[in-house]
Amino acid sequence: MLVNVTELDTDREPPLTVYATTPPPRPVAGRAGAFPAAATSRVSPRSRTTTTATSGNAATRRTPTAASTRRASGVRLVGLLVPVAGAITLTVLYTVLPGPDAGLPAEGRVTLVVFAGAVLAWTCTRWDDTFVALAAALTLTLIGVLTADELFGSLGGDVIWLLIAAFVLAAGLTAAGLPERLAVALLTRARTVRGLVHLLTAALVGSALLVPATSGRAALALPVFLAVARTLSGRERVVRALALLIPTVILLSAVATLTGAGAHLITVEVLRTATGSGIGFGAWLLAGLPLAVLSSHLAAELVLLLMTRRADRRERLVVRRADLVEQRGAGSIGPDRMRPDRRAKYVLVLVGLVAVAWCTETWHGVEPAVIALIGALAVAAPGIGTVSLTAALRSVPWSLLMFMAATAVLGGALLDSGAADWLMTVLLSGIAADEASAAGFLVAVVALSTAAHLVLQSRSARSSVLIPLLLPAAVVFGLNPAAVAFASTAAAGFCHTLPSSAKPVAMFADLGDVPGYGRRDLLRLSVFLAPLLAALVIGFAWFGWPYLGLPLR
């Protein structure tokens with residue numbers, strides 16, 4: 001029997017009729033015509049496998065069983081039913097929602113339905129988050145809730161320019177090797193495992209002030225961790241603890257600075273739309289840095305207690321710079337990168353000046369985005385900069401920026417259309433706005449924000465959903481909308497429960513031959529870390545931030 005395989009498309013799944021049980025791995029590389037035009041095929045009735053021989057070589061393929069075929073059909077059917085069920089749900093929601101007679105404007109009614117559709121797509125489908133956000137914003141524009149200027153103007157807002165410039169600055173820092181130098185300089189001072197953990201924590205917290213976005217910081221920390229892990233290859237428990245520590249601290253310490261996560265900028269933009277004023281870089285740093293430092297070091301102790309033994313924590317430790325440099329996993333930490341040079345000093349001074357200018361905005365009046373753009377041009381200046389502007393712009397996550405712009409527009413539409421006010425009025429009707437109710441509201445906000453990552457995996461999506469709804473409710477309870485928004489955003493930084501909860505968590509979970517952590521480790525950590533972080537946020541909101549310029553009332 002001759003089997004023609006010249007038209008085999010190796011970029012697609014193999015035909016279902018040639019396998020018996022589970023299909024083999026897809027071909028790594030291939031093209032039409034890679035095999036001879038004819039081959040002999042023989043079928044074993046006992047195993048129901050097809051063996052195709054070509055030029056003396058045999059390739060055995062198993063055909064799928066009826067059960068596996070039914071499962072695949074079921075998955076496809078579910079994929080078709082989810083959008084249909086979503087459309088029916090949104091239609092019913094539009095029908096059930098009241099009209100202007102009940103205080104819900106017509107634009108607010110449409111906005112609620114579109115917003116609910118975006119939330120359903122984010123939580124119940126695998127569609128790209130940016131695609132969903134842009135589709136929702138475009139729908140509101142076509143309906144007339146938003147204008148074209150509002151839609152496209154968000155892409156050119158100062159928040160977007162601030163983040164673009166921040167990524168260019170971070171590219172200059174990375175090109176100069178400053179993050180690696182800082183990490184290695186601290187790690188070589190460690191004398192015990194506990195000391196190593198807290199020095200690494202300090203380095204990661206400091207990186208939040210230099211590098212925007214948690215995934216970028218995780219990518220910078222990875223080669224440093226691999227070097228340390230291979231240096232400590234005989235201490236598996238310690239290596240696993242360090243693997244869990246790094247993403248934990250990266251996520252918790254992002255709250256230290258306004259540019260630490262895109263969700264922070266969304267919060268500020270929605271807050272500015274609702275109240276006319278946001279939270280500046282200096283005010284955010286003053287309120288967020290103490291929480292970042294305290295929560296990160298407490299989490300470090302928690303990781304130590306859960307992942308290591310007492311003997312591990314007390315054992316003497318020597319981490320030599322030469323050992324880190326020589327490890328294959330050290331990557332960019334070469335000897336030439338460890339020696340300070342003129343360019344490294346230049347970019348370090350430049351970033352320091354930018355940070356000072358951000359913190360003193362109220363004195364000189366220059367917008368943070370303008371300051372960041374000046375710094376970005378200086379770090380990419382020909383002849384004196386550390387990176388070319390073209391190369392730096394390649395590091396900018398444009399999809400994230402478009403997502404931020406679209407979700408900020410959605411949040412503004414919820415507020416401007418009256419949808420958020422109406423929804424909070426309905427939900428809070430009959431609740432007394434006294435001291436006890438305000439305290440209960442704050443606890444509920446923090447608890448909801450801490451658990452929101454189980455439903456919405458994107459931190460930016462969580463802020464775009466929660467903040468527009470919480471701001472009107474904060475006014476009802478007599479609380480400062482800025483303080484409530486900050487507390488919610490800080491609590492939403494917890495996303496450690498599953499490997500899929502955040503990119504840094506997934507990045508360090510499986511590192512090949514280097515010991516990592518599993519789901520049980522994450523769940524065990526989350527059981528203790530979630531209430532700890534929630535308690536810290538509530539404590540700071542009541543007793544800390546009012547003395548740092550962010551009163552709760």
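Backbone N, Cα and C define each Cβ position, glycine as well.
Unlike curated records, TrEMBL annotations are generated automatically.
These features come from TrEMBL:
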- 28-68: compositional bias 'Low complexity' (COMPBIAS)
- 122-491: domain 'Citrate transporter-like' (DOMAIN)
- 1-68: region 'Disordered' (REGION)
- 77-96: transmembrane segment (TRANSMEM)
- 108-124: transmembrane segment (TRANSMEM)
- 131-148: transmembrane segment (TRANSMEM)
- 160-179: transmembrane segment (TRANSMEM)
- 191-210: transmembrane segment (TRANSMEM)
- 216-232: transmembrane segment (TRANSMEM)
- 279-306: transmembrane segment (TRANSMEM)
- 346-363: transmembrane segment (TRANSMEM)
- 400-424: transmembrane segment (TRANSMEM)
- 436-456: transmembrane segment (TRANSMEM)
- 468-494: transmembrane segment (TRANSMEM)
- 525-548: transmembrane segment (TRANSMEM)
For the transmembrane segment (525-548): best-contacting stretch of 131-148, 279-306, 468-494, by Cβ pairs under 8 Å: 279-306
Confidence summary (mean pLDDT) of the domain 'Citrate transporter-like' (122-491): 86
Contact set, same chain, for the transmembrane segment (191-210): CB under 8 Å, 6 or more residues outside the stretch: 170, 173, 178-179, 182-183, 217, 220-221, 228, 235, 238, 241-242, 245-246, 249-250, 253-254, 256-257, 260, 292-293, 296-297, 300, 303-304, 308, 312-319, 351, 355
Highest-contact recorded stretch vs the transmembrane segment (160-179), from 77-96, 216-232, 346-363, CB pairs under 8 Å: 346-363
Distal contacts, the transmembrane segment (346-363) - CB-CB under 8 A, six or more residues away: 169, 172-173, 176, 178, 209-210, 280-282, 285, 371-372, 374-375, 378-379, 384-386
Positions on the same chain near the transmembrane segment (436-456), where near means CB under 8 A and six or more residues out: 119, 122-123, 462, 465-466, 470, 473-474, 477-479, 484, 487-489, 491-492, 494-495, 497, 501-502, 530, 533-534, 537-538, 541-542, 552
Per Cβ pairs under 8 Å, the stretch of 108-124, 216-232, 279-306 packing most closely against the transmembrane segment (77-96): 108-124
Folded-back contacts onto the transmembrane segment (108-124), same chain, C-beta under 8 angstroms, at least six residues removed: 82, 86, 89-90, 93-94, 97-99, 132-133, 135-136, 139-140, 143, 145, 410, 413-414, 417-419, 422-423, 455-456, 458, 461, 465
